[in-house]
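K.L.:
Summarising the annotation, TrEMBL assigns transmembrane segment to 7-34, 54-74, 83-102, 108-131, 138-160, 172-190, 225-244, 293-312, 318-342, 354-373, 385-406. Taken from TrEMBL, the feature domain 'Major facilitator superfamily (MFS) profile' applies to 221-450. Annotation source TrEMBL lists compositional bias 'Polar residues' at 430-440. The feature region 'Disordered' is assigned by TrEMBL to 430-450. According to TrEMBL, the compositional bias 'Basic and acidic residues' annotation covers 441-450.
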Amino acid sequence: PEPPEGGWGWVVMLAAMWCNGAVFGIQNSCGVLFVSMLEVFGGREDKQLTFKTAWVSSLSMGMVFFCSPVVSIFTDLFGCRKVAVVGAAVGFVGLLSSSFVSTIELQYFTYGVLFACGCSFAYQPSLVILGHYFKKRLGLVNGIVTAGSSLFTVSLPFLLRVLIDSVGLYNTLRVLCILMFILFLAGFTYKPLVSNAKDTEGGKKGKFRFPSEKKICNLSVFKILSYRIWAFGIPAALFGYFVPYVHLMKHVKDRFGDSVPEEVLLLCLGITSGVGRLVFGRVADYIPGAKKVYLQVASFFFIGLMSMMIPLCNVFGGLIAVCLLMGLFDGCFICIMAPIAFELVGAQDVSQAIGFLLGLMSVPLTVGPPIAGLLRDHLGSYDEAFYLAGVPPLIGGAILCFIPWVHERQKLKERVKPVDAETTEKMLENESTLVSSTTEKPVKEMESGF
């Protein structure tokens, strides 16, 4: 059915906004949790402490995206509502379990795997369900929804710092479980308008017949060249993307000590990221077709440049300016992910197209922060780590520049093929008409002779 462009969709939008806030607000505030985990789980004699602890946050962020291809399959099979509700419940259990473990190795499983997998199953349906209710306003709605994570990123660091100082790391994690419980309730609002495999494959409602393998894992999206470039270009740009979120707080402590409020930097990232999502989400609605990708190209260019600027800032005010710009273009990159996916593959295949992309993104998001931590442990500072973190976004942005050109050529070929087929069919019809007329003429002459 045609998207209603509103109605119950506004409730769904608010629920999806909470989902983005709860999931990525916690993930983006990991710098505060990272510093606390260093104190709780580490010992001064451990020379690879930063490297080991960084794996908790990076594994968590990576698993959110790594599970996405599987989540997209489950979303197609069982619908957005069931997948989101079950995912939020698993995330709640994982986060609650993390508040009872006493070693960093167990945190890898409870926080890095179990909690993150639950977040992934809750997050993916929030992207897909919006396309059921909105089409013309999809860019704006995605901007509002993704701004939810900015609101949480702005407020959570200060709340986490107060909670950690007053009740400790473990009780802080238990307080965060409240966010996941509300997310569990929000998942029930995802009323689907497009039937899933349970309805279309079974014939009668409620009767489930397992669909074919091709429908379960739809790899046909990779036949689209523009999507292939996008799906591999974005992961190439993200090897340094998550490094500032994990290590910026520790970098500030190393350089400025306790004389500056490092949480202000996450505040700056969150505020401008929210502004970027709202502004660029609306701007994307006015940019036709695949040319929306140019917004992501500009985003990666500035994100890479700002990452390289972090070690050069010897004044705290300089870091604030860098974070303001980085947050603005981070918001631009995030909010137009879904609209670009709809443009490249169409609404029918968008769920798994987004899932495959997020799955490929998991590798750089997981690997980047531990490598930065390893460089910090061996070199004694984060300078080289931030310089290197700025290179991949520049390379990835250069790769994405080719997508609009490739996509236009694909559309041109699709237009030409039907015309050729139609022309051939008309030629065959004309030929058959000529043949029939030439055969009919002698017959008529013979009849007139008799």
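One is the number of the first residue shown, and numbering goes on along the chain from there.
Placement of Cβ uses the backbone N, Cα and C atoms for every residue, glycine included.
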K.L.:
If I take every residue in the domain 'Major facilitator superfamily (MFS) profile' (221-450) and average their pLDDT values, what number comes out?
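P.N.:
A mean pLDDT of 78 is what the predicted model shows over the domain 'Major facilitator superfamily (MFS) profile' (221-450).
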K.L.:
Between the transmembrane segment (108-131) and the transmembrane segment (354-373), are there three or more CB pairs that fall under 8 A, provided the residues in each pair are separated by 6 or more in sequence?
P.N.:
yes
K.L.:
Which range out of 54-74, 83-102, 108-131, 172-190, 225-244 gives the transmembrane segment (318-342) the most CB pairs under 8 Å?
P.N.:
108-131
K.L.:
Are there 3 or more C-beta pairs under 8 Å linking the transmembrane segment (172-190) with the transmembrane segment (83-102), counting only pairs at least 6 apart in sequence?
P.N.:
yes
K.L.:
Mark yes when the transmembrane segment (108-131) and the transmembrane segment (172-190) have three or more Cβ pairs under 8 Å (sequence separation 6 or more) and no when they do not.
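P.N.:
Yes, these stretches are in contact.
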K.L.:
Between the stretches 7-34, 108-131, 138-160, 225-244, 293-312, which one has more Cβ pairs under 8 Å with the transmembrane segment (54-74) than any other?
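P.N.:
By Cβ pairs under 8 Å, 108-131 leads among 7-34, 108-131, 138-160, 225-244, 293-312.
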K.L.:
Are there residues at least six beyond either end of the transmembrane segment (7-34) with Cβ under 8 Å to its Cβ atoms? List them, or say none.
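P.N.:
Distant contacts of the transmembrane segment (7-34): 53-54, 56-57, 60-61, 64, 84, 91, 119, 122-123, 126-127, 129-130, 132-134, 141, 144-149, 151-153, 155-157, 160-161, 164, 169, 172, 176, 179-180, 182-183, 186-187, 189-191, 245-250, 262-263, 266, 269-270.
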K.L.:
Cβ under 8 Å, sequence separation of at least 6 from the ends of the transmembrane segment (225-244): give me the contacting residues as numbers and ranges.
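P.N.:
Answer is 58, 61, 269, 290, 293, 296, 300, 303-304, 307, 310, 326, 340, 344-345, 353, 356-357, 360-361, 363-365, 367-369, 372, 385-386, 388-393, 395-397, 399-400, 402-403, 406-407, 410.
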K.L.:
So what's near the transmembrane segment (108-131) in sequence-distant terms, Cβ-Cβ under 8 Å and 6+ beyond its ends?
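P.N.:
Answer is 3, 9, 12-13, 15-16, 19-20, 23, 26-27, 55-57, 59-68, 71-72, 74-75, 80-81, 83-84, 86-95, 97-98, 101, 138, 141-142, 145, 180, 183, 187, 190, 192, 337-338, 342, 347, 350-351, 354-355, 358.
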